[in-house]
Amino acid sequence: MADLGAITLWIALALSSYSALGSFVGQTRGSVELVISSRRAAYLAMLVLFVSTLSLVTLFINRDFEVAYVAHHSDLAMPDRFTWVAFYAGNEGSLLFIGFALAAMASLAIWRAPSNILDTLPYTTGVLMLVLAFFLAVTGFMADPFEKLPFVPRDGDGINPLLTHFGMFIHPPMLMAGLICSTVPFAFALGSLLAGKTGDEWVDAGRMWGIIAWALLACGLLLGSWWAYTILGWGGFWFWDPVENAALMPWLGLTAFIHSIMVQKRRGMFRMWNIVLINVSFGLALYGMFMNRGGPVPSVHSFGASNLGWVFLLFLAVGVLIPFAVFFWRFPILKSAQTLDSMLSREAAFLVNNLLLLGIAFVTLWGSVYPLISRLTGEDEITIARPFYDQVNGPLFLALLLLMGIGPLLPWRRATGASLKRALLAPGTVALVTSAALFVLGVHKPYALIGFALGAFVTTGIFIEWGRGTLSRHRSTGDIYPIAFLRLLGANRPRYGGYIVHLAVVMVALGVVGTSFFNEQMDVVLGPGESVRIKDYEIRYVGTIEDPKSNRTEFRSTVEVYRNGRLSYTL
């Protein structure tokens, strides 16, 4: 089985290399046969990689310790349900997973490509297969998951205990798939540039795949926060760790991209800006994979020290410089069809939104790489901790929340002062009433009041927009209100469906504000039956139970939380 996996891995590398070269050469020379052959090679590479991936999973199921990767990341006592987690627990398996995920997404993107971009599709295919060939080459030459040991050990080293959490079944695959999925909209944009098509042909496909990558990363980040809360420490869901940041930054870039590309689709604007945004997002995704595989800054989330860091750093440089070189080559013909009419417009709100998102990404990037910069300049290594991110990114996030409330209320092209006042009156009133009520109730921290007020502002605006749209649909179609609302969401998903995401962001923001400004922390030592009081709560330590397993010993502590003498929670 190991031989089958290794052979199919090398076949996939050959197929992806042929597909990349054949796509570029075939399109340049006008050879339809070569283009079609290259496209078929891309499909075949996906199928062959599936066999290679299935081979590695089978090796884990059979506990074939002759294979070094299986021996290092599993043992006889490992439950079968963790086979999937062990598969991507190290560099070797995770790179194979990334390769298969990219091959599957690329095949789907090529197969379902819109008819209006068929003349640019060979370049898109070439870019996708070139990236795939890189990952497969790194896997085959530097991180072979099918490498055999000179002897067969009796047992393996076992899986990392930090990975034996339900979130690990979904969190790493989501993040890896999200990072590599950013290649697809990037390839559509770069393929369009290479073909000299600088219009809006690639927009629909680019936006759809941008949303898919964004959604995968969002799910991965949320699941990672849950894992951090459960495993790394009570009450902590985000620690501004370098690898956490490396996944957040491309998500911020993609958030800007999928908003900005709506303006290009609606008004024919921001063509150059959208190319820059997807290039930046792809570059940040490559940076994320670099940080996770031998990056220079240590992290609890990384795969540990390896010799892959310099390879990914080199590919990161190439993956950023070449697309921007193509961008400047095509710059003279990238002019947008329309110009910005007014700063009081929805288009301007999208632009400011993009700048804020990129500002947060830049601050996060600077904080992540500063320890390396301080080390290279000969100074003592300076690590950037959470206070820096909170102090700098906190106000930027609040400004972003404010804009998220104002932007949807603005019209396209231009807003008058009177129309702006009417649009902001109800949300602004609710925000002021909310902050005043909270102040009377004892909330006096300025940032907390601002955060809750902005949450109320955005939520009110969303429900007003939903209400107006539902009422209009009810009057025009006669649908009852619940049906009218659901059909409203389906009829204009980018706008009214997007408000659901905005509402989710508000909920997360309120949770962050609450935990940031109203948490209480203290270090105490308690024996069984002893308790400590924190404001209105009594925390009682019940005891610890030792639970021996075949490959480890688990210690479970029980803590009871009382309020006013009554049991409220058991932790």
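Note that Cβ sites are derived from N, Cα and C of the backbone, with glycine treated the same way.
Unlike curated records, TrEMBL annotations are generated automatically.
Quick look at what TrEMBL annotates:
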type	residues	note
DOMAIN	92-290	domain 'Cytochrome c assembly protein'
DOMAIN	313-569	domain 'Cytochrome c-type biogenesis protein CcmF C-terminal'
TRANSMEM	41-62	transmembrane segment
TRANSMEM	82-111	transmembrane segment
TRANSMEM	123-143	transmembrane segment
TRANSMEM	174-196	transmembrane segment
TRANSMEM	208-227	transmembrane segment
TRANSMEM	247-263	transmembrane segment
TRANSMEM	270-290	transmembrane segment
TRANSMEM	310-329	transmembrane segment
TRANSMEM	350-373	transmembrane segment
TRANSMEM	424-441	transmembrane segment
TRANSMEM	447-466	transmembrane segment
TRANSMEM	496-518	transmembrane segment
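The stretch from 41-62, 123-143, 174-196, 208-227 that makes the most Cβ contacts under 8 Å with the transmembrane segment (247-263) is 208-227.
Among residues of the same chain six or more beyond the transmembrane segment (270-290), those with a C-beta under 8 A of the stretch's C-beta atoms are 98, 179-180, 182-183, 185-186, 189-190, 193, 198-200, 203, 206, 210, 243, 246-247, 249-250, 253-254, 256-257, 260-261, 263-264, 309, 312-313, 315-316, 319-320, 323-324, 327, 331, 334-337, 347, 350-351, 354, 358, 361, 365. The list of residues near the transmembrane segment (310-329) in space but at least 6 beyond its ends in sequence, with Cβ under 8 angstroms from a Cβ of it, reads 131, 134, 138, 142, 186, 190, 193-194, 272, 275-276, 279, 282-283, 286-287, 289-290, 293-294. Packing against the transmembrane segment (123-143) from elsewhere in the chain are residues 9-10, 12-13, 16-17, 19-21, 23-24, 27, 38-39, 41-42, 45, 49, 91-92, 95-96, 98-99, 102-103, 106, 109-110, 113, 117, 180, 183-184, 186-188, 190-192, 194-195, 306-308, 311-312, 315, 319: each is 6 or more residues past its ends and has a CB under 8 Å from a CB in it. For the transmembrane segment (41-62), same-chain residues at least 6 beyond its ends with a Cβ under 8 Å from one of its own Cβ atoms are 1-2, 4-6, 8-9, 11-12, 15-16, 18-19, 22, 69-70, 73-74, 80, 83-84, 86-87, 93, 96-97, 99-100, 103-104, 106-107, 110-111, 125, 128-129, 132, 136, 145-146.
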